[in-house]
């Protein structure tokens, strides 16, 4: 697994991936800006609460508390929802990243049949909505666990790691296998694939590294899938391209 991680990082300098990285950076920055504006707009739109029996002092404290919690949510929400755009980004650039990784490390595979663009985009949108929905449901727990940061990060990585493992593995594998075979392979090696997903989710919350997480995640899953797929004996002697 860690060899696969090393290979993924080592290929970031590949010219084929540089353009993908630039496009991903642009999308990620736009996503951050839009989400920050949206959350702070919602915070500013919170009405003032006036409960008569609380009195002036009680109402002031209550409104200060509500705005503090809303501001905290506005800070936490973009951070924890950032991985939700992974699927959308990967759906746009999956073929380019996966093709580049396979061309360098597994040239004996040949050109993948690929996944139709509309299937990739729809899969990415479904992943985005699912990840947003689950993280919104878990947001109260995340806020409570802010007092226990290690537990909060662990919960986030485990939950989102599973979702990332399913999405990335299926998107990479469906380029060469039908869904039935892909699902069977993932179930057979569930723990390994899940661990790879946890690494992707963890990368998604590290500043600056999270901008590269979609590319690294796709490259990592190509290596993981290939490690779990039998290789014909004659193909093992093919020298990777540089």
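Even glycines carry a Cβ here, placed using N, Cα and C.
Fair warning: this is a prediction, and the values are worked out from it, not measured in the lab.
As recorded in TrEMBL, the features of this protein are as follows:
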type     : residues : note
TRANSMEM : 20-46    : transmembrane segment
TRANSMEM : 66-94    : transmembrane segment
TRANSMEM : 115-138  : transmembrane segment
TRANSMEM : 144-172  : transmembrane segment
TRANSMEM : 193-216  : transmembrane segment
Residues from the same chain, set at least six apart from the ends of the transmembrane segment (144-172), whose C-beta lies under 8 A from its own:
72, 76, 80, 83, 86-87, 90-91, 94, 98, 115, 120, 123-124, 127, 130-131, 134-135, 138, 179, 182-183, 186, 193-202, 204-205, 217-218, 220-222, 224-225
So if I exclude everything within five residues of the ends of the transmembrane segment (193-216), which remaining residues of that chain have a CB under 8 angstroms from its CBs? That is, six or more out.
1, 4-5, 8-9, 12, 17, 20-21, 24-25, 28-29, 79-80, 82-83, 86, 89-90, 93, 97, 153, 156-158, 160-166, 168-169, 186, 224, 228
